[in-house]
Amino acid sequence: MEPESVARFREYLQINSMHPNPDYASCAKFLKRQAEEIGLEFKTYECVPEKPIVIMKWPGTNPNLRPVILNSHMDVVPVFEEFWNYPPFGAERVPTPDGDFRIYARGSQDMKIVGSCYLEAIRSLKAAGKTPKRTMILMYVPDEETGGVDGMRSFVETEEFKNINAEFALDEGIANTGPELYAYYSERSLNQVKFTAHGNTGHGSQFIPDTAISRIMNIANELLALRDKEENKLVSLYGNVDQKNLGEATAINLTMFNGGVQANVVPESFTAYFDIRVTPNQNLAEFNTWLKQLAEKNHADLEFLGETYICPITDTSDNNPFWVALSKALDNKGLEKISAIFPAGTDSRFLRRAGVPAIGISPLRNHPVLLHDHDEYVTESQFLEGIDMYISIIHELGNVE
């Protein structure tokens, strides 16, 4: 028989919250019903019309202790349905030969599983008559997958958020194919840049000096050499590059390279775009200064595409009582963790910048990593284990004094 918690999880997955037109209204309606069933305070807040931030509150017994945030996002990335073997929003429960089930749906890993585990864990804790000392704030936010501008990025600047006065937060992580869980304490800074080099133009039959192409190639070669150096650093330290260490290096990728008007004309300008993820172990200001100098010496314009900023690091020493509590919660369940830097971006960066230390974690282990992939799924046993894990985590975090 299907567990009730699984049925509720599948119902959440069946809501099409895919960009570019996520159905946030249906998500909020579903979440409101869950809050009412469990007995949690419920409200929504909109920084942008029709993009609600769902906020649930489980009041603690000691109002002098600051709250803990349990954050997740409602939106999911687009699908290429022709490559799926199951309907992306069908949340079909498919039996496996070992007696388990796979639940196929977009958002099953990223990240509706986490938001569902929060609710099911609190449902169990309340049914057992337990109340934390600290107030627990559950947040279900929009637009994480498109950068968070209309979601968490805006919300942390509001009085509504500041009045929560949270002391710690949990957010999303990534599944692991191994037996451990990743606990992410920071993430890399997103630096997307555009170089436009200028130079002499003329007929393609000539040896024209100082062309835009030669200058943009100088820039590209220096950046790609640094890319190799960063990758080799990880190989030298760890023997390979994987999710455990990827965030400790700065990733550099040439993503667009264009210019010219026709085959026999040397172009006056040429453009290169780079996606750069700067590790928090590197000084971001110094790195950006180096990029500017690289542009200047090659007679190129440099444009930073979007906001770039330092990603704070959450303390993972015994001086942080929330880290100690999280570690205890996982130890109690026999779960091992690996602390790491998240290689991409999550809403945790906005929480940390707002002064709320955050850890990103996923309950999925011994599991394929399928976020944003075709036929995204989670196994039912891992979902149920995740509920049990969050029961322990929420209990320990909620009673930090």
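All positions are counted from 1 along the displayed chain.
The backbone N, Cα and C atoms fix where each Cβ goes, glycine too.
Listed in TrEMBL:
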BINDING   H73, D110, E172  Zn(2+) 1 binding site
ACT_SITE  D75  active site
BINDING   D110, E145, H372  Zn(2+) 2 binding site
ACT_SITE  E144  active site, proton acceptor
DOMAIN    186-299  domain 'Peptidase M20 dimerisation'
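For the recorded site, D110 (Zn(2+) 1 binding site), the DSSP three-state label reads coil. For the recorded Zn(2+) 2 site, residues D110, E145, H372 set the reference point as the centre of their Cβ atoms, and the other residues of that chain within 8 Å of it by Cβ are V76, V77, G107, M111, L371. Within 8 A of the CB centroid of the Zn(2+) 1 site residues H73, D110, E172, the other residues of that chain are S72, M111, K112, V114, E144, E145, D171, T346, L371.
Annotated pair D75 (active site) and E145 (Zn(2+) 2 binding site), C-alpha to C-alpha distance, rounded: 7 Å. Residues near H372 (Zn(2+) 2 binding site) in space but far in sequence (CB under 8 A, at least 6 apart, same chain), listed by position: V77, D110.
Under the three-state DSSP scheme, H372 (Zn(2+) 2 binding site) falls in the coil class.
Comparing E145 (Zn(2+) 2 binding site) with H73 (Zn(2+) 1 binding site), their Cα atoms are 8 Å apart once rounded.
Of the recorded residues, E172 (Zn(2+) 1 binding site) and E144 (active site, proton acceptor) place their C-alpha atoms 11 Å from one another. Taking the Cβ of H73 (Zn(2+) 1 binding site) as reference, residues of its chain lying under 8 Å away and at least six apart in sequence are, in sequence order, M111, G115, Y140, V141, P142, D143, E144, E145, G151, E172, D347. Confidence annotation: the domain 'Peptidase M20 dimerisation' (186-299) carries a mean pLDDT of 96 in the model.
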